[in-house]
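Features reported for this protein in TrEMBL:
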- B:15-144: domain 'RNase III' (DOMAIN)
- B:Glu57, B:Asp130, B:Glu133: Mg(2+) binding site (BINDING)
- B:Asp61: active site (ACT_SITE)
- B:Glu133: active site (ACT_SITE)
- B:170-239: domain 'DRBM' (DOMAIN)
2 protein chains.
Amino acid sequence: MEITRKEVFLIKELEDYLAKEFGIHFNNPDLLAEAFTQASYVNEHPHQGLKYYERIEFLGDAVLQLFVSEYIYKRFPELPQGKLTRLRAAMVCEDSFSKFAKECHFDQYIRLGHGEEMAGARQRASLLCDIFEAFIGALYLDQGRDAVEKFIHRVIFPKLDMGWFDHAVDAKTSLQEFLQRNGDVDIEYHLLSEAGTENDPQFKVSVSVNGEPIAQGIGSSKKHAEMQAAQAALNQLRKNN
Amino acid sequence: MEITRKEVFLIKELEDYLAKEFGIHFNNPDLLAEAFTQASYVNEHPHQGLKYYERIEFLGDAVLQLFVSEYIYKRFPELPQGKLTRLRAAMVCEDSFSKFAKECHFDQYIRLGHGEEMAGARQRASLLCDIFEAFIGALYLDQGRDAVEKFIHRVIFPKLDMGWFDHAVDAKTSLQEFLQRNGDVDIEYHLLSEAGTENDPQFKVSVSVNGEPIAQGIGSSKKHAEMQAAQAALNQLRKNN
């Protein structure tokens, strides 16, 4: 199969897009082409000496693993290993990487074989995730670690404050980390009332920040009510942010 | 429990050992102490404000994952992703890290609680592996990536040439990588004879490097015979190296 005019210009378009949108200028566009090319495309163009993304994705995966680890290790100095591991797993996974790839419009620049295209691979989460990792691998090789850090500080880390990964960390921890981004604050939970029956108790709790109550929560245990209060506070704070 | 004189001096001894043996001088010895302290020890000394290694191990694990990935990615430019992944898994695992920790005498410097000490934790592979990762995490934070690269170029990567990870990569690939460290060489396999019966065939193959036969192999298929020849060649080359 001939490489069509459109496909030749796809990587050039990607270069222009990365320059305009992210200020990224690749020294070696072949690395970029490799990161955005699936094996199915190489198989359809056997004599072009093309490479596909798998090796570079192997590297990019490890780059992301370290940089995300380092960021959350430093940002959450009190978070124990178990919670760090859960948070990293929520950030470094197919679900989030495929969303980042879509958000960066990477789906538009993938070079796919005809069959894969017809089968809808372009919107498949696993492929989008692979391409995101491969792009990071190419960026790391071509531009070094600072360029990767800059990119993921823009694309990945803001999602922490937007609550994308809250499910991995309990709401009380999330609230604490959210509020303590800019220094120490005093967070307290107060039991307001205890109602219901012995078999169906209902606790009402308020959470206050530096002495000022900001939200309430209700639950079947004190702990559950505190979690609800923390989640309510988080939702409110994020809306106002 | 009081911290005994011996335990106070253990980290100081470790600092001296690292300086003498590896030329590593920690700016912040507290990081080093953290990396070599197990939770059981902190529990026995609750009022000393001590930290244990788990968080720093979380980081060190990701550091090792990336640096090993980057090394094998660059060193084996023809190895496909699947084999890279298998090789990395063989290198980045409890079995190899615990051996590296022993080789570096790290077992002597771990601060353990009394119960763990009595239970033989000091020689437990999982603990030795954790300590190795934690040390790398501390080195990365305190001394930066160059210091880590220097250390693992001395401790980990030479094991590739010594055949520690051969089981993860087939012998033909290993032989090729071994011989091509210093540039391209021409490796060829020749069928010398085919004997045995139809149900029990026996192939004899020779492997030659730049035209010169260096080893032979026998197997029940041509491929198996080639693997045997490659392994024989590797064993011989490593003995002479």
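Each residue, glycine too, has its Cβ placed from N, Cα and C.
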In chain order, residues whose C-beta lies under 8 angstroms from the C-beta of B:Asp130 (Mg(2+) binding site), counting only those at least six residues away in the same chain, are B:Tyr53, B:Glu54, B:Glu57
Quick note, B:Asp61 (active site): same-chain residues at least 6 apart with CB under 8 Å of its CB -> B:Glu133, B:Gly137
Per DSSP, the domain 'DRBM' (B:170-239) contains 30 helix, 27 strand, 13 coil
Chain A contacts from binding-site residues B:Glu57, B:Asp130, B:Glu133, C-beta within less than 8 angstroms, listed by sequence, come out as B:Glu57
In DSSP terms, the domain 'RNase III' (B:15-144) comprises 95 helix, 2 strand, 33 coil
One residue among the binding-site residues B:Glu57, B:Glu133 has the fewest other C-beta atoms within 10 A of its C-beta, namely B:Glu57
Same-chain shell around Mg(2+) excluding B:Glu57, B:Asp130, B:Glu133, C-beta within 8 angstroms of the CB centroid, reads B:Tyr53, B:Glu54, B:Ile56, B:Phe58, B:Gly60, B:Asp61, B:Cys129, B:Ile131, B:Phe132, B:Ala134, B:Gly137
